[in-house]
Amino acid sequence: MSDRDSQNDLGAKVFVLVTGANSGLGFSICCRLVDEFLKSHRHPRESLTVIFTTRSTRKGNDTLLRLQDHLRRASASASAPAAASARVTFVAENVDLSNLVSVRALSRRLNKTFPKLDAIVLNAGLGGWTGINWPKAIWGVMTDLVHEVSWPSFKIAPAGMVTDAQTALGDDKEPRLGAVFCANVFGHYMLAHNAMPLLRHSDMLHGPGRIIWVSSLEATVKHLDIDDIQGLRTLAPYESSKALTDILALTADLPSTAPWVKSFYSVDEQPEPRKETELEPPHPNMFLTHPGICGTGILPLSWPLFYSMLAAFWLARLLGSPWHTISTYAGACAPVWLALSAQAVLDDAEAPYRRNGGGRVKWGSSCNRLGQDQPVCTEVDGWGYGGVVGPAILEGDRRRRRKRGAVDLTAEEKLQYEDLGRKCWQRMEELRIQWDELLDEAEAQAKSEA
């Protein structure tokens, strides 16, 4: 087989990594990847490999069985069920995103095992909430239902939650690491950087590799303090981490962030020197998404309260909320669209915003009253609709219900957001380099003591 034939075969194979897949949104993303792939990629040579992560082997095995069962059902409607089923492969991996040693170990296994990654869906997360302010929740739902079940103000979280020690170097050498920050942002950030060789090898026919950050509708820049980027002093560490996620993804292609983004996209180790005539592969594209408001277990509730929450979500949808997807399968709409669509489709979707001076878009899963889902642009505090100054430019965005108190983006606010993006990228790269050095030192120490 010639090199070109080999490359064509690899180009027909799609590899997608999904973190946090044992339940909820992550599991539904895996299921929907299968469904959408079998619908849109019908050639018998085209295949999909879904690499999913859980926190334990037991959870991984259980998730694998449930995904295989879903694949059998999805393939049953195909003209050749066995052939359709054979084109999809699941691979279970373990990782604890609050443990940087675990993240590094996963990265090494991925780089040794797979030829490329076409997309990584950074979904796993930690809420960090310890309870609910019930009087405030009941009053808010009774008097302002749609707003309170979209942007709730009644969740309780403590400040100062930190991870367990990452290394054996001791407290004098190892700085504190925020638990929610690490699980939601920094663990993924380290994983994406370490997987850069695979993302850069992506030769999928519809564009470069994709880093897809799963954020939240609740993210707002007011929750982020650049001097407390890990959210150790805030009582809203989850919202702070998701605001940071938004900022990193939306400002990744700006000139002001370029020095640090280039460092993030760099490959630490080149297994073979590149030939003089060989072009450097393009860096991945970074995308931002959220699942709308769906029923997951990220906020621990008893079953009666969980179903009461779903009932409130249904009522909010009937009252005109565009974001209450309710089911995690509908919530997976936008992440899967970003993972599998041709690059031209994504470019066309962003084009109206870029033509009007904007940039990256936060793509959210949206539902109408009948439950029909679609990916749509989400308004972001400080970034507006796709970074366009002024009112929404698309009719769909103008008609969509806004957050109460939302105002049109001003040029000054956009500049402030871009400057915040520059500072966040700088801090994140400094943290990554610091922790890579600490992990290297810990590994060297462990080897010397062995």
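Including glycine, each Cβ sits where the backbone N, Cα and C put it.
Taken straight from Swiss-Prot:
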| type | residues | note |
| --- | --- | --- |
| ACT_SITE | SER215 | active site, proton donor |
| ACT_SITE | TYR238 | active site, proton donor |
| ACT_SITE | LYS242 | active site, lowers pKa of active site Tyr |
| BINDING | LEU25, THR53, LYS59, TYR238, LYS242, THR296 | NADP(+) binding site |
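THR296 (NADP(+) binding site) falls within neither a helix nor a strand when secondary structure is assigned with DSSP, and so counts as coil. Checked against LEU25 (NADP(+) binding site) by C-alpha proximity, the active-site residues SER215, TYR238, LYS242 yield SER215 as the nearest.
Long-range C-beta contacts of THR296 (NADP(+) binding site), restricted to its own chain and to partners at least six residues apart, with a cutoff below 8 Å, comprise SER23, GLY24, LEU25, THR328.
Neighbour counts of Cβ atoms within 10 Å were taken for the recorded positions LEU25, LYS59, LYS242; the minimum is at LYS59. Comparing SER215 (active site, proton donor) with LYS242 (active site, lowers pKa of active site Tyr), their Cα atoms are 5 Å apart once rounded. Following the DSSP three-state reduction, the secondary structure of LYS59 (NADP(+) binding site) is helix. Taking CA atoms as the reference points, TYR238 (active site, proton donor) and LYS59 (NADP(+) binding site) are 24 Å apart. Long-range neighbours of THR53 (NADP(+) binding site) (same chain, six or more residues apart, CB within less than 8 Å of its CB): LEU17, VAL18, THR19, GLY20, ALA21, GLY60, ALA92, GLU93, ASN94, VAL95, LEU106, ALA124. A helical conformation is recorded for TYR238 (active site, proton donor) in the three-state DSSP classification.
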